[in-house]
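Accompanying notes for the structure given below.
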Amino acid sequence: MKSLLFLVLISVCWAEPHSDNSSLGHERIVHIQEENGPRLLVVAEQAKIFSYRGGNVTLPCKFYHEHTSTAGSGTHKIRIKWTKLTSDYLKEVDVFVAMGHHRKSYGNYQGRVLLRESSENDASLIITNIILEDYGRYKCEVIEGLEDDTAVVALNLEGVVFPYSPRLGRYNLNFHEAQLACLDQDSVIASFDQLYDAWRSGLDWCNAGWLSDGSVQYPITKPREPCGGKNTVPGVRNYGFWDKDKSRYDVFCFTSNFNGRFYYLIHPIKLTYDEAIQACLKDGAQIAKVGQIFAAWKLLGYDRCDAGWLADGSVRYPISRPRKRCSPNEAAVRFVGFPDKKHKLYGVYCFRAYN
């Protein structure tokens, strides 16, 4: 019986050269693949999820074996790990790890993340009280013994991209200063995807600015001589990657909705900058930031023709309904400039946070 089995195996695994290609001297090789069990698969039902600052969201992720309907083999403990991919894809940031009853969250995700676990093969991650920094791509990794697989889910936030330069003027920020400038104005440095979406929505800005991946770019919807030439096609122009410490540009910031009230303070007289700060404090609020005026304008349709101080010392006003003497040609946050803080008089925009 053993001899017969040996002859059968020989007949399967050995073949004469193919008659049509005998001159090439090739032999046909038969590969025998041994099945070691079902292959672990990790899938995301949606590749992109949309949410907003302050909300809750579930990033979908499920795992199963290719040839069975069960969640795991039962021979190994299953380890679930969520990480966030950085915008330049050079590293991953730990978010959450679970193995059995052991759970651990990291960084500013602590106290805000948990597994949904609607079924034994559900590895979906719930993120609560979303912040601007949560925007990005997340990797769900499931490990069982020697098997592992991953899926990637993108978390997009409803919001607005705006160009920013400080009182010092155009092209005065290195990359790290650009990040801080956005944070100071209730926003974060924008990603390329966010800038691209803003360009598709009509953002046109001729000054180049930093993006979160370290590149320098700018969006053009109306080609013209000072901005690449009037014969070029509209698009997001890319200056490439520059030295984050030495190179200086403007920055594109991204902000989303806020948990509070943005408003123009009705006051009997116009104010200096310091007086404007005190007027907001007296009203139980703080002087508003640039990101807050853009969010109110874009997401809430805020419209006011009165120029007012903001926290960075700039004076602006938001127009959602273009009209004579109030941005007649386009809806925009109009920029007056950085006036003399001690002598120029304007109104003020305030922001009162909800508890």
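For all residues, glycine too, the Cβ spot is worked out from N, Cα and C.
TrEMBL records a disulfide bond between C326 and C305, which is the match among C305, C350.
Its Cβ taken as reference, C227 (disulfide bond) is surrounded by 18 other Cβ atoms within 10 Å in the chains shown.
Rounded to a whole value, the Cα-Cα separation of C227 (disulfide bond) and C326 (disulfide bond) is 26 Å.
C305 (disulfide bond) sits 25 Å from C206 (disulfide bond), counting Cα to Cα.
The two recorded residues C326 (disulfide bond) and C206 (disulfide bond) have their Cα atoms spaced 22 Å from each other.
Taking H, G and I as helix, E and B as strand and the rest as coil, DSSP gives the domain 'Link' (260-352) the counts 21 helix, 30 strand, 42 coil.
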